Amino acid sequence: MWATRGLAVALALSVLPDSRALRPGDCEVCISYLGRFYQDLKDRDVTFSPATIEEELIKFCREARGKENRLCYYIGATDDAATKIINEVSKPLAHHIPVEKICEKLKKKDSQICELKYDKQIDLSTVDLKKLRVKELKKILDDWGEMCKGCAEKSDYIRKINELMPKYAPKAASARTDL
């Protein structure tokens, strides 16, 4: 009787999907960033050795911002990183292992890596800036690397965004009719 139950449990566990496997939408930052990095290496004809890839990844991460910089921090490719698991990226990439598999292995080492998601992009050509929150308006300026000194009210942020839009989002600025 116990053997039958044990067999039933073993069968049930073998049929259920592995919870560690990546689902669609998992590790989106990891997969896209490492995919771009791998393509950049191929385009520049870089030698695929672990040491070279490690050096190139550190250089590539210096340009990273936002969620991609956080990914670089988690894998140890930034100067202020606490842990260093960069070899978990460089060795598999040297053997041309797909980035999805690399991210799956990184997820097992540090689950935070796959929890990173890109922020939702705001379509500036169609959005009504008056309906956005001040936090979202600040985020737009921050993404552009700008600050609004002296802005106290929502209208100040909207005015600043409208001033800078031709510089940072020229297509959106030309598409807007409320200017």
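Each Cβ is built from the backbone N, Cα and C atoms, and glycine gets one as well.
Residues annotated as signal peptide in Swiss-Prot: 1-21.
Positions annotated as disulfide bond by Swiss-Prot: Cys27-Cys114 (among others). Classification of Cys114 (disulfide bond) by DSSP places it within a helix.
Here Swiss-Prot flags Cys30-Cys103 (among others) as disulfide bond. Cys30 (disulfide bond): 26 other CB atoms within 10 A of its CB, across all protein chains.
Residues or ranges marked as disulfide bond by Swiss-Prot: Cys61-Cys72 (among others). With a 10 A radius on its CB, Cys61 (disulfide bond) counts 22 other CB atoms from all the protein chains.
Cβ neighbours within 10 Å of Tyr73 (phosphotyrosine), excluding its own Cβ and spanning all shown chains: 18. In the three-state DSSP scheme, Tyr73 (phosphotyrosine) is classed as helix. If you look up Swiss-Prot, you'll see Tyr73 marked as phosphotyrosine, on the strength of a large-scale study or a structure entry.
What Swiss-Prot records for 93-155 is region 'Interacts with ERN1, EIF2AK3 and ATF6', and it gives similarity to another entry as the kind of evidence. Look at the region 'Interacts with ERN1, EIF2AK3 and ATF6' (93-155): DSSP puts its residues at 32 helix, 0 strand, 31 coil.
Marked as region 'Interacts with HSPA5' by Swiss-Prot: 126-169.
Here Swiss-Prot flags Cys148-Cys151 (among others) as disulfide bond, drawing on experimental evidence. The Cβ of Cys148 (disulfide bond) has 17 neighbouring Cβ atoms from other residues within 10 Å, across all protein chains displayed.
Per Cα geometry, Cys30 is the residue among the disulfide-bonded residues Cys30, Cys61, Cys72, Cys148, Cys151 nearest to Cys114 (disulfide bond). In sequence order, Leu57, Cys61, Ala64, Thr78, Ala81 make up the list of same-chain residues 6 or more apart from Cys72 (disulfide bond) whose Cβ falls under 8 Å from its Cβ.
Cys27 (disulfide bond) falls outside any helix or strand according to DSSP and counts as coil. Cα of Cys151 (disulfide bond) to Cα of Cys30 (disulfide bond): a span of 36 Å.
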